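These come from Swiss-Prot:
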SITE      Leu28  site 'Important for efficient shutoff activity'
SITE      Leu65  site 'Important for efficient shutoff activity'
ACT_SITE  Glu80  active site
ACT_SITE  Asp108  active site
SITE      Arg195  site 'Important for efficient shutoff activity and nuclear localization'
SITE      Lys198  site 'Important for efficient shutoff activity and nuclear localization'
SITE      Arg199  site 'Important for efficient shutoff activity and nuclear localization'
SITE      Lys202  site 'Important for efficient shutoff activity'
SITE      Lys203  site 'Important for efficient shutoff activity'
SITE      Lys206  site 'Important for efficient shutoff activity'
Amino acid sequence: MEDFVRQCFNPMIVELAEKTMKEYGEDLKIETNKFAAICTHLEVCFMYSDFHFINEQGESIIVELGDPSALLKHRFEIIEGRDRTMAWTVVNSICNTTGAEKPKFLPDLYDYKENRFIEIGVTRREVHIYYLEKANKIKSEKTHIHIFSFTGEEMATKADYTLDEESRARIKTRLFTIRQEMASRGLWDSFVSPREEKRQLKKGLKSQEQCASLPTKVSRRTSPALKILEPMWMDSNRTATLRASCLKCPKK
């Protein structure tokens, strides 16, 4: 699983996942499924915010080609992927600037158009079950919840899906592709079932296959949301985007 993750996710996402696990004292060599889950969640958060901006009239627009105008503002603030101290600093800054209610738990994004924090969920189970778990944990109507599954299903607070259909389809396509790639390597069952994972760990099973290239529709896109995470994040003059190919498996 670790080899699969390193081959099929952008190096920046892998690095952020490694830092996250280290911060919580988790060993990615042992908890490889969690490593894969964190990378997947990070990718969905970045894809959620990709190409979405707010123009001078306060309207939400999509800019996919070239660099966006300096007059455009990023619609989403990415909180996920930061260390906890910096993440709470960003949340506090948003609350002080917008008047938003401070959440009890760290959310994943902030939507400047709808003026709300967003909790993103990616589940291997039924979306409604995971949604209820999230809602019971957060216990706040102020934080918007949006759940995606690896089967193409989704569920959101009050059926408000925030993004346009094409943007959501891009996320669903990527998740379905990850599922297919895992299944082709015999990794999916252990990823879904902790019991199966333990059984495979005891046997010392390890996938040796190389990751095949992803479908062109997904692999050729770039991810403007992969930015250097630093304190200047909240400034209007954001740090430069890391223009890396979005989560592309290397071709042999």
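Here the Cβ of each residue, glycine as well, is placed from N, Cα and C on the backbone.
Sequence-distant contacts (6 or more apart, same chain, Cβ under 8 Å) of Asp108 (active site) comprise His41, Cys45, Ile78, Ile79, Glu80, Ile118, Glu119, Ile120. The separation of Leu28 (site 'Important for efficient shutoff activity') from Leu65 (site 'Important for efficient shutoff activity'), Cα to Cα, is 36 Å.
Counting every protein chain shown, 20 other Cβ atoms lie within 10 Å of the Cβ of Leu28 (site 'Important for efficient shutoff activity'). In this structure, the recorded positions under consideration are Leu65, Glu80, and the one with the smallest number of other Cβ atoms within 10 Å of its Cβ is Leu65.
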